[in-house]
């Protein structure tokens, strides 16, 4: 008898996938957190974004090579299951789920703060609760509708960044808003020099900058729902990282060139100041709206990922089969519902803890180490993937470059970043939280004998 159970649907086009990845990566960290890294490194933070982007490029090309031959939902978690061991597939899926849950809770916390800009008397838990409801509705819709919602969410902040870069270049080269006098590049070398924070400040900022790229691998999560995945995913992998790199580096370049780096953050958001520079008096309200949608977009992308990770775990028999339930619209409804429920519980922190900054910092920082696990897994899995696909690799149109040396050097770089996090007081606790979480899920794996549950399944053809 044929199995007519609903399955995930391939309803995502290239533009949806690209904007889902952009939406998940470019979050409130760029709009609100630029001042932190500049405080440590000064203008050299530009170099930190470029270096981190280079290594993330190698990671993405490795993932793209595997996605072309095996476009499955769960992506790197499934590859870990197949090419490393069921345990690493399990650990990867839970680590990525935990990362996005932490990011999601921090994003809805931020939403409460942004709404108070217009309604200062409103309790922050109210807009946080409304945000959870909106994200739930978007993620329980058919995947194509979800893709459209996230496309427009992400488009708002992408457009804002582009406009900000264009305005900034006008100020730098043509003196817009500066009496016609071009500002030039003096702010990059004055006020302590390009490496104003020294090498220690640069390396400290580099650790945080690496974390800002987390989310770019969301492309892999969409693989099982992409139309014509070989073409769509190849295009998305090739475009997304370059766009993110341009947006990050372009925005930071404009900010540190227009304003002295040691004044950024003391007079408000650098994005607000850039728009205000050319006389846009409503700049604060505009940017507040943009960061509000940025937070919604980041949370929306995160819940999409969380639902698919729980689905992948259930398919690999590492969660109850009920978690693999798919609605008639092709949505992994059980995984999404559980993730939304925990997000709802997390939103209660906004009621319990009145200081939103404490909630945001504690929760967001806890996501960094679990978010790096998929990167290590992608690089290691590809080493074994190559051996399993020798014949196909010879004619592969999207092979990664500098293999295998790029894999080894990138892993060494990520290890150095983790070591740097330990020696930085601002990030040490987040490292410990990540380690505790990974030890906890490992203990559950052993205690419940999840290693006895079958071998990997091919989720999607």
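Here the Cβ of each residue, glycine as well, is placed from N, Cα and C on the backbone.
Annotation source Swiss-Prot lists topological domain 'Cytoplasmic' at 1-16 (among others), citing a curator's inference.
If you look up Swiss-Prot, you'll see 17-37 (among others) marked as transmembrane segment.
Annotation source Swiss-Prot lists transmembrane segment at 40-60 (among others).
For the topological domain 'Cytoplasmic' (61-96), the DSSP counts in helix, strand and coil order read 28 helix, 0 strand, 8 coil. What Swiss-Prot lists as topological domain 'Cytoplasmic' is 61-96 (among others).
Within the chain, the transmembrane segment (97-117) has long-range Cβ neighbours (under 8 A, six or more residues past its boundaries) at 27-28, 32, 124-128, 131-132, 135, 214-215, 284-285, 288, 291-292, 295-296, 298-299, 301-303, 305-306, 309-310, 339, 342-343, 346-347, 349-350, 356, 359-360, 363-364, 366-367, 370-371, 437. Annotation source Swiss-Prot lists transmembrane segment at 97-117 (among others), citing sequence analysis.
Long-range Cβ contacts of the topological domain 'Periplasmic' (118-122) within its own chain (Cβ-Cβ under 8 Å, at least 6 residues beyond either end) map to 285, 288. What Swiss-Prot records for 118-122 (among others) is topological domain 'Periplasmic', and it gives a curator's inference as the kind of evidence.
The transmembrane segment annotation in Swiss-Prot covers 123-143 (among others) and is backed by sequence analysis. Beyond its flanks by at least six residues, the transmembrane segment (123-143) meets 8-9, 11-12, 104, 107-109, 111-116, 149-150, 225, 295-296, 299-300, 303-304, 307, 327, 329-331, 333, 336-337, 340, 343-344, 347-348, 350-351, 356 of its own chain at Cβ-Cβ distances under 8 Å.
Sequence-distant contacts of the topological domain 'Cytoplasmic' (144-155), counting only residues of its own chain at least 6 positions beyond either end whose CB sits under 8 Å from a CB of the stretch, comprise 9, 11-13, 15-17, 19-20, 22-23, 26, 138, 293, 296-297, 300-301, 304, 331. The feature topological domain 'Cytoplasmic' is assigned by Swiss-Prot to 144-155 (among others), with a curator's inference given as support.
The feature transmembrane segment is assigned by Swiss-Prot to 156-176 (among others), with sequence analysis given as support.
Sorting each residue of the topological domain 'Periplasmic' (177-200) by its DSSP state yields 7 helix, 0 strand, 17 coil. The topological domain 'Periplasmic' annotation in Swiss-Prot covers 177-200 (among others).
What Swiss-Prot records for 201-221 (among others) is transmembrane segment, and it gives sequence analysis as the kind of evidence. Residues 17-18, 20-21, 24-25, 27, 29-30, 33, 36-38, 40-42, 44-45, 47-49, 51-53, 55-56, 59-60, 63, 67, 73-76, 99, 103, 195, 233, 236-237, 240-241, 244, 248, 298, 301, 304-305, 308-309, 367-368, 371-372, 374-375, 378, 414, 417, 420-421, 424, 426-427 of the same chain sit 6 or more residues outside the transmembrane segment (201-221) yet have a Cβ under 8 Å from a Cβ within it.
The topological domain 'Cytoplasmic' feature in Swiss-Prot is assigned to 222-243 (among others). Counting residues per DSSP class in helix, strand and coil order gives 18 helix, 1 strand, 3 coil for the topological domain 'Cytoplasmic' (222-243).
Among the features that Swiss-Prot reports, transmembrane segment is placed at 244-264 (among others), with the record citing sequence analysis.
What Swiss-Prot records for 265-277 (among others) is topological domain 'Periplasmic'. Mean per-residue pLDDT, taken over the topological domain 'Periplasmic' (265-277), amounts to 69.
Taking Cβ pairs closer than 8 Å, the transmembrane segment (278-298) reaches residues 23-24, 26-28, 30-32, 103-104, 107-108, 110-111, 114-115, 117-118, 131, 134-135, 150, 153-154, 156-157, 160, 167, 170-171, 176-177, 215, 268-269, 271-272 in its own chain, all 6 or more past its ends. Positions annotated as transmembrane segment by Swiss-Prot: 278-298 (among others).
Annotation comment: Swiss-Prot describes 299-332 (among others) as topological domain 'Cytoplasmic', evidence class a curator's inference. Residue counts of the topological domain 'Cytoplasmic' (299-332) by helix, strand and coil are 21 helix, 0 strand, 13 coil (DSSP-based).
When each of the listed stretches 40-60, 244-264, 333-353, 401-421 is scored by C-beta pairs under 8 angstroms to the transmembrane segment (156-176), 244-264 comes out highest. The transmembrane segment (244-264) shares the most Cβ pairs under 8 Å with 40-60, out of the stretches 40-60, 333-353, 401-421. For the topological domain 'Periplasmic' (177-200), same-chain residues at least 6 beyond its ends with a Cβ under 8 Å from one of its own Cβ atoms are 39-44, 171, 256-262, 277-279.
When Cβ-Cβ distances below 8 Å are used as the criterion, the topological domain 'Cytoplasmic' (222-243) is approached by residues 8-14, 16-18, 20-22, 53, 56-57, 60-61, 63-64, 67-68, 71-75, 143, 158, 216, 308, 330, 397-398, 459-460 of the same chain, each at least six residues removed from its ends.
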